[in-house]
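S.K.: Got these off TrEMBL a minute ago, pasting:
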- 5, 25, 27, 28: Mg(2+) binding site (BINDING)
């Protein structure tokens, strides 16, 4: 099976089944792309039995290929990635995406979530 992010965003339905399925977003960061903000990627995932098996993200502008495989770790241009090990949330950096949905109920939920996040004593 195949699920394309652009077709789903255009209103087409998709159902994730247990069948082997490719999930592809050919312009991950569409809003960035439209506004010529240089952070866009091609994202591809492969799912079996509704569980991700591997994923690939190619950051075009940076020329970086991120890959990950279930049980095998994650890599950037072949170099193994690892989490920092930082456990003190006050030294963390919060990064978020607000999305493009401007439905009043969605905005209310997003702002409520942001309020909770911003009350955490984070570094930035």
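In case you wondered, yes, glycine gets a Cβ from its N, Cα and C as well.
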S.K.: Which of these binding-site residues has the least crowded Cβ, counting other Cβ atoms within 10 Å: 5, 25, 28?
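M.R.: Per-residue Cβ counts within 10 Å for the binding-site residues 5, 25, 28 bottom out at 5.
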S.K.: Just to be sure I understand the packing, how many Cβ atoms besides its own are within 10 Å of the Cβ of residue 27 (Mg(2+) binding site)?
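M.R.: Taking every protein chain into account, the count is 16.
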